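K.L.:
Per TrEMBL, the feature domain 'Major facilitator superfamily (MFS) profile' maps to 36-467. Taken from TrEMBL, the feature transmembrane segment applies to 84-106, 113-131, 137-157, 200-222, 289-309, 329-346, 353-373, 385-407, 419-444.
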Amino acid sequence: MKTAEVTEKGPSRSSSDDVSTRKIYTMRDHWKCLCACTLVSMCPFQYGLDFGLIAGLQAMVGFLKARPHPVATGWNISTERQQLISSLMTLGAFLSSSLAGPIATVMGRKGSIWSAVVLCVIANVIMMTTTNIGAIYVGRLVIGLANGLFMTFSQLYIQESVPARYRGLMISSFQVWTSVGTLVGTIVDNFTSKITTRESYLIPLGLVFIVPTIMSIGLFFIPESPRWLLEHGNKEKALKSLLWHRPYGQIGAEEELKDIQEALDNDLKTKENVSVKNMFNNPVDRRRTVLSVLAITLQGASGAMYMIAYGTYFFEMADIGNSFENSCILTAVGVIAILINSAVITHIGRRRIFLIIGMFICGLTQLLSAVVYTVQPGTVSTGRAIVGLSVVYIIGYNGMVATYAWISGGELPSQRLRSYTFGLATSIAFFAAWLATFTAPYFINPQSLNWGPKYGYIWVGPCWIGA
């Protein structure tokens, strides 16, 4: 569809208006708002970049030598260190996301993103300037706090600033940015993995500064969310923000501001006498709450977190060969799957069908990988089979599970309980992600159970139960 063909009519509160005489606005007319939201939508790039970089660092000789843990076959990382390096980031993201409500009452969306930038820089400086493992743990927790703020408040800014017609387009870009960040991190790790000194991991970590720098500068040139400003009593600033975000003039902006105020008033009414227990008192609300939680938890049940967090290390320890190159292939396929998904998600519903098929594919590919490795471990043909099955797995997860799980979880709750229900579902999803990243090293690390691809047996049940 050409840009000029995607249009919207300016706001109008009068039923006597002649639709044919109203201004038709195109994406080109909304260029400032879309540019601002594109800038903010880069926040998930940091989240994906972190996963891509850390997954590779755990298999880099330069990184492992700087924190010595020698083994008979060369260098490795202890199970405990591996657990904490990956899971502390997820824990930090969970904590900052859980505190989003109180934070939002003190700082706006822009202020929260700036805070995330500061935390991100502090964490990265800590990790780059020390080899002390305790300091690394602190850095991982702090960067997790930053990632939680990035992910939460960038979504809120976009939802509150972009016109409704383009909201789906901008929100779908989140998963794209996350996958692109993971791909960039994986590719850079691939090229620096051949270096055996500290530069092998210092160069990738240096990339972490780029996007926060761009965002911290760009935020000076865009206004605060108009909805947040109005909600906090800054009507004049909210109107000024709308005039910047929208192509129509004073009258149109004032009409939209009235619509926002009405929505805020209605939202306030629906929240009266609403508490956490209301999610479970009424049978209908209880069913909606359970379905929302289960929908988002499908991401954790798919087993994707261990592949995302430990993919390169997983390939290395399984002796598949070319572990960094294989991770690049896997991540690139995931990006393509997400791009295709973003193009069709607004045109094709069938959430349940996509989730069922996606979860079945995830379970089947992990079962086959485990069986193949059990029968013939360490052979070239087994390695190729596992890489191929991993590609099919990531297509099923990125193309069918990841996005539709979030959408379903957001659509299922009752309107008056949406914030409570979605908050509960998100918290449980983060807990599931933390649990997967914390326990996976016990199964795949050679110094523990050393299951390698046989770890897939664990995830067949959750995948098919979810399906």
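Note: Cβ is positioned from N, Cα and C throughout, glycine not excepted.
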K.L.:
Determine the mean pLDDT over the domain 'Major facilitator superfamily (MFS) profile' (36-467), rounding to the nearest whole number.
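P.N.:
Its mean pLDDT is 81.
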K.L.:
Would you say the transmembrane segment (353-373) and the transmembrane segment (113-131) are in contact under the rule of three or more C-beta pairs closer than 8 Å, pairs 6 or more apart in sequence?
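P.N.:
Between the transmembrane segment (353-373) and the transmembrane segment (113-131), which are separate recorded stretches, there is no contact, as judged by 3 or more close Cβ pairs.
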K.L.:
So what's near the transmembrane segment (84-106) in sequence-distant terms, Cβ-Cβ under 8 Å and 6+ beyond its ends?
P.N.:
47, 50, 54, 58, 77, 112, 136-137, 140-149, 151-153, 156, 228, 309-310, 423, 426-427, 430-431, 433-434, 437-438, 440-441
K.L.:
Among 289-309, 329-346, 385-407, which stretch has the highest count of C-beta pairs below 8 Å with the transmembrane segment (353-373)?
P.N.:
385-407
K.L.:
Sort out for me which stretch, of 137-157, 289-309, 329-346, 385-407, has the most Cβ pairs below 8 angstroms to the transmembrane segment (419-444).
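P.N.:
That would be 289-309.
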K.L.:
For the transmembrane segment (329-346), which partner among 137-157, 289-309, 385-407 gives the most CB pairs under 8 Å?
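P.N.:
Result: 385-407.
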K.L.:
Determine whether the transmembrane segment (289-309) and the transmembrane segment (385-407) share at least three Cβ pairs under 8 Å, counting only pairs 6 or more apart in sequence.
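P.N.:
In this chain the transmembrane segment (289-309) contacts the transmembrane segment (385-407) - 3 or more Cβ pairs sit under 8 Å.
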